[in-house]
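According to TrEMBL:
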COILED    124-188  coiled coil
DOMAIN    38-75  domain 'RING-type'
REPEAT    436-468  repeat 'WD'
REPEAT    522-562  repeat 'WD'
Amino acid sequence: MEDSSMGGALVPTVKACEHLPASATETASEEPDKDIMCPICMQIIKDAFLTACGHTFCYICILTHLRIKSDCPCCAHSLTTDLIFPNFLLDKWLKNALASRMAKTASPFEQLRRGLHQGCEMSIKELDGLLSLLEDKKRKMEQQESETSMEIMLGFLHCLKKQKFQELNEIEADLQYIKEDITVVERRRLELCSWEQESSIKLKMLAPGDQQQHSNGIVCSTQHVQAPMSCNDLLNKRSDVKAQAISKALQLNNDYGSSSDMQCMTTPGVASLARKRRVHSQFNHLQECYLQKRRNWYRQEERGANTMNIEGYNPGLEEFQSVLTSFTQYSRMRVIAELRHGDLFHSANVVSSIEFDRDDELFATAGVSRCIKVFEFSSVVNEPADIQCPVVEISTRSKLSCLSWNKYTKTHIASSDYEGIVTVWDVTTRQSVMEYEEHEKRAWSVDFSSIDPSMLVSGSDDCKVKIWCSKQEESVLNIDMKANICSVKYNPGSSFFVAVGSADHHIHYYDLRNISQPLHVFSGHRKAVSYVKFLSNNELASASTDSTLRLWDVKENLPLCTYRGHMNEKNFVGLAVNNEYIACGSETNEVFVYHKAISKPMAWLRFGSSDLGENDDNTGSYFISAVCWKRDSPMLLTANSQGTIKVLLLAA
C-alpha cells in the first residue's frame, strides 16, 4: 500500500519590509528625500554629476547609461560624457547630512572613536579620567554579567533539586510497593508450600499399605511417620531436586546434542530457568510495566478505593503477575502445518486476508488470485499434504483485499475488492447473497458487527466509510472523510462504535449515532494506518507503515503502548489480536508476536521456502501479507506474498 500523494503546501510567512537604501538604514522609519536619490539606481546619490540639462545622477550610473545610450534618462535630451560635470556642492551637502545623521544615531563609543580618529585634542588628565570611567564601567558590566550568570545557575540548581527530590520520592514510593509485594508474595509462597506439605501427608495417610516399612519382622504403620518438615526445609529440598533435574538435563544435552527431540525432554526446572532468562532479557520493559500498574492502583487507593483482594494482593500486582506469566510462557514459534494458497503456475499468489469462521473450524483465504478458498482447519493440521485442497472455492471478478465472517450465520462471509464492491457470500451455495457497489474506488476493508449480524462496515480509497445492512440494497450510513480509508472495525461490544484507520496517519473513532464528527481521534502514527483491531471493548490496536504498532484506550482516549521490532514501510502485512497477544507481519518475511504490555517482540519466525525445494536466498523479496489468531489459542495462521500459508504454534 502506498500513501496518497499530496501537493506540498507552503508555510505562510510574514512578508519582509521593502529594502531601504544602505545609507538610510540608520533611521528605517524615515523616507529619504527623492531629490537626493539617483533616478537610475534609486539610491542616495554617490559622487554626484550634473548633466547639461540640469539632472543629477551617480557618476557610475550615468557613465554606464551613456555607454549604451546617448540621451538623458530623465528628459531624453541628447547627452554625451562631455556634457556631464561634477556637482561638488551637492556632494559636500550629502556628506555633511550623512555625518550629521550618523552622529545623531551613533553610540557614545562610536562618537568617541570618531573623535579620536579625527585627531581631537585631549589632555593627559582628561584621558586619565576617561580611562577611569571606562574601567568603572567595565567592572560594573562584569559584575552584572556575573550576577546574571549566578542567577541562571541558581535557578537551574533549584529546578534540578526539585526534580531529583520528585524522583527520590517516586523511588521511595516504588521501593515501598516492592517491599509490600515481596512480603505478600513470600507469604503466599509459604502458604502454597504448607498446603503442598499437608496434601502430601494426607495422601500418605490415605495409602497406608504403600507406606509400611518392614524391619526385623516388625511392621511400622503410617502413624509413626516422621514429623513434617518446615516450609523452609521443604523449599530447600525442592530447590535441590530442581538443581539435580537441571544438571541431569544439561548432562543429557551434552551427551546427545541440542536436537529438537531433546528440547521436548525439558524438565519443570529447566522450563523455570528458561522463563527466568526471558525475564532478565526484557527486565527493563517488565520493570516499567510493573511500576506503571502499581502506581495506577496506588492512585486509586489514594482516592479511597478498596483495591485489596481476599489474598491481600494489590490488583496492580495481580495484573503484573498475569503479564509476567503470559509473557514468559512462550518464547518462540514453530510450524505445525503448511500449504500453498495459489496455483503453482500462477505468479499472483499474494494472500491479502485470512480469517477463521465463527467456530474456528474453517478458515478462508483471499487475495490477488481472484478467489476465496475455504479450508478445514483440523484437516490442514492433522493431515498434512504437499498441496491441500480447499473444501470450498469461490471465484470472483476482481482482486480481493479483505474478508470477514459473519459472527452468527456460519455460512456467510463478506469480501471487499479492488473495484470497490462489497459482497456477502454463502459458502455453501458459492453464490453471492448481496452486492454493494456504491464505493467509487478500491475498497480496502470490510467487517461484520459482532452484536448485530445484519450490519457491516466498509472503507475505501474514495475516502468514504459506509455502513450496510444485509437486508437492504443501499448503504444505511455514509461518512465522508478527507483521506483514503485503509481499515475499518466494529467494536466487539457495541454495534454503534466503529474504528477507522486512515491514510491521514490517524485513527478516527465514531459513534454511529452522531457521525458529524468522530468521538475520538487518536494521533501518534507518522504514516498511513493500515489496520485497526480490538483486543477488548476498550482496547484498540493499530498498525502503520511507520513500522510501529500502537495500543489505545478508546474509553479514556489514551495511548497505552507503542511496539517496535518489525519492518513495515509500504505493504499491508497483517494484524491480529488474541487476548493479551498481538501478531503482525514484516516486510522481512517474518512473523512477530508482541505481548500487549511489552513494547518489544516476545517471539518471531522467518518464513522459508524449503518446502518448495527452492533456495532460501530469494525469501528476502517476499513479505508477510496476512495473519490471524485461532481464538483463545496459541495457534496462528500466517500467509505471505508468495502464497505460502503456515500454521504456527507458540512454544516455550
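Heads up, the Cβ atoms here are built off N, Cα and C, so glycines get one too.
Predicted-model confidence for the domain 'RING-type' (38-75) is 90, expressed as mean pLDDT.
Sequence-distant contacts of the repeat 'WD' (522-562) (same chain, six or more residues past either end, CB-CB distance under 8 Å): 1, 3-4, 484, 486-489, 491-494, 497, 499-507, 509, 568-577, 579-580, 582, 584, 594, 596-599. Across the domain 'RING-type' (38-75), DSSP classifies residues as 10 helix, 9 strand, 19 coil.
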